[in-house]
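Taken verbatim from Swiss-Prot:
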- Gly2: N-myristoyl glycine (LIPID)
- Cys3: S-palmitoyl cysteine (LIPID)
- Cys6: S-palmitoyl cysteine (LIPID)
- Thr12: phosphothreonine (MOD_RES)
- 82-143: domain 'SH3' (DOMAIN)
- 149-246: domain 'SH2' (DOMAIN)
- 271-524: domain 'Protein kinase' (DOMAIN)
- Leu277, Gly278, Asn279, Gly280, Gln281, Phe282, Gly283, Glu284, Val285, Lys299: ATP binding site (BINDING)
- Asp390: active site, proton acceptor (ACT_SITE)
- Tyr420: phosphotyrosine (MOD_RES)
- Tyr531: phosphotyrosine (MOD_RES)
Amino acid sequence: MGCVQCKDKEATKLTDDRDASISQGAGYRYGADPTPQHYPSFGVTAIPNYNNFHAPVGQGVTVFGGVNTSSHTGTLRTRGGTGVTLFVALYDYEARTEDDLSFRKGERFQILNSTEGDWWDARSLTTGGSGYIPSNYVAPVDSIQAEDWYFGKLGRKDAERQLLSTGNPRGTYLIRESETTKGAFSLSIRDWDDEKGDHVKHYKIRKLDSGGYYITTRAQFDTLQQLVQHYSDRAAGLCCRLVVPCHKGMPRLADLSVKTKDVWEIPRESLQLIKRLGNGQFGEVWMGTWNGTTKVAVKTLKPGTMSPESFLEEAQIMKKLRHDKLVQLYAVVSEEPIYIVTEYMSKGSLLDFLKDGEGRALKLPNLVDMAAQVAAGMAYIERMNYIHRDLRSANILVGDNLVCKIADFGLARLIEDNEYTARQGAKFPIKWTAPEAALYGRFTIKSDVWSFGILLTELVTKGRVPYPGMNNREVLEQVERGYRMPCPQDCPASLHELMLQCWKKDPEERPTFEYLQAFLEDYFTATEPQYQPGDNL
């Protein structure tokens, strides 16, 4: 089974030098592609290794979120003798413009130019076609990134969310980078028993100094692939054998296309509004398509809502905010009526989802998990020194599998309507706003924390308006006098205590979103071990 005792000295090794930052990724070296000679060169002569970005040919650099290409994994030799790393498609992709390339999972590519960041100029070695491809849809041939079971930088909580999605059987699994141990991995498996029902168990995969991998020292392997094969054949002490890799959803693209990456103000006629999803004080939200190919959400703002110049300036910042729990801004039409084009979320706003949708049947564990997702997105906004200013369930969007994402961050600052800018006018969300922000305009990340506490009440009451029976003026007066909402029905006291922490009078005494995320993610698991003991296997 490829045990380390009989391993070849030249076996692939995992590098120890790993950067902990989000941008760097795994930092692996790969063995050679066993079949490079089968691919035609299409008459290419002396193509330099563009996978090295701007580095001189022959110097290995880190690409693809940490892939080190210095070993020329799966290399194609051109007539000039230069090796070019081959990449393989992880998903199907349909071209959105005439500049990009449609492809199917399993197709192999030669990368011609990777200087565009999220979009690479590539040639398919399957079809011979050329065009731009999204870089997060491919991985180096024969790398662990190319394995269906490898999920990379995925946190424990997100691993559990994915594994516990509807339709995954017992034995569904994935491997991810360990959050706690540099150079190690985690194996996460969906399990079931009479006491817990469906749940996830985590096993730490450790790395030997000699380059192998093990969960228990009694079974050691040259590669992660061999480890997976071993535990697919037999449980061998795990909760169950590995049955099927967890389904990977399509990765989100940061842009509509390579053309909108930098010039992302688009013509209004490129958008088709198909179905109205909602109607608010300042405009409407539509499901639509861009370029006749790509489903998007379009927020249309009533003329006069905000200055087009101010909006465009703020949108430049919003476009750079990228996180799994933030709705991605794709493009804008900045002439009035302003259009804001974002990723489409299938279940609409969290408020509508809780009041009238599937959310009515959700139990506390799901509601707390949704709160944890919002806290994770806000923790990112906190790290980026940004402020939301209008955090409430109406501005949280819901997708498949109860995924929650934050929308409309930063827009509230730009609204010019007098009924809003007065801060105590009819259109201003007094009941969600911290007193120092409502009274004195002091909006900070700590006033967002106050709003998050109000959002928690919306979750546990399935969308009930905060401070029932009180109007805006009464709320402002009572809160200033120290009134706080009592514990909602069926809400645990510990969760209400968290709300009260968010509503501290002194903003600096309120918790950080980093703390709120950790508290909520561990709300039901704080007494359980994070990892199963490997040496007991």
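Using N, Cα and C of the backbone, Cβ positions are placed for all residues, glycine too.
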If you count the C-beta atoms lying within 10 Å of each candidate's C-beta, which of the binding-site residues Leu277, Asn279, Gly283 ends up with the smallest number?
Asn279
Near Val285 (ATP binding site), how many other Cβ atoms are within 10 Å of its Cβ?
22
The domain 'SH3' (82-143): DSSP-derived helix, strand, coil residue counts:
3 helix, 30 strand, 29 coil
Where DSSP helix means H, G or I and strand means E or B, what are the helix, strand and coil counts for the domain 'SH2' (149-246)?
18 helix, 35 strand, 45 coil
The residue listed as 'active site, proton acceptor' versus Leu277 (ATP binding site) - Cα distance in angstrom:
20
Which secondary structure state does DSSP assign to Asn279 (ATP binding site), in the simple three-class scheme?
strand
How big is the Cα-to-Cα gap, in Å, between Asp390 (active site, proton acceptor) and Asn279 (ATP binding site)?
17
Within the domain 'Protein kinase' (271-524), what mean pLDDT does the predicted structure show?
89
Other than its own, how many Cβ atoms are within 10 Å of the Cβ belonging to Asp390 (active site, proton acceptor)?
23
